[in-house]
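A.B. asks: Below are the features listed in TrEMBL for this protein:
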DOMAIN    46-131  domain 'Cytochrome c'
BINDING   60, 64, 109  heme c binding site
């Protein structure tokens, strides 16, 4: 009986000494967009509005959303990254037409060869006009 009492005491003692405070695994996530430095030009409201209409009638919203990532980056994230100027508007318009590489870590963007260069530039101008 004394043996069982000592065994019970030792068990409780060992269990009570093993109580470590619970550590919470918290991970802080930061939404980091690498901004490319450059001069920002203004985009006329008429151009941005026309780009909005062109995007509404295209398949852009299949892979992109305005405020959140989907298959592709959010339009707001694209606007945060690139300066609003002719060079980047034309570069991104070519990417829309020819398809993109993995510059965002997402699957490759499908090409849109039926879009004219002017239409693609107008669509990109609308996206970059979302810069805040």
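Placement of Cβ uses the backbone N, Cα and C atoms for every residue, glycine included.
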A.B. asks: Using the structure shown, find which entry in 60, 64, 109 (the binding-site residues) has the sparsest Cβ neighbourhood within 10 Å.
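C.D. replies: Sparsest of the binding-site residues 60, 64, 109 by Cβ contacts within 10 Å: 60.
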A.B. asks: Among residues 60, 64, 109 annotated as binding heme c, what is the maximum Cα-Cα distance? Answer in Å.
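C.D. replies: Result: 10 Å between the two most distant Cα atoms.
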A.B. asks: Relative to the mean position of the Cβ atoms of 60, 64, 109, the recorded heme c site, which additional same-chain residues have Cβ within 8 Å?
C.D. replies: 59, 61, 62, 63, 71, 72, 96
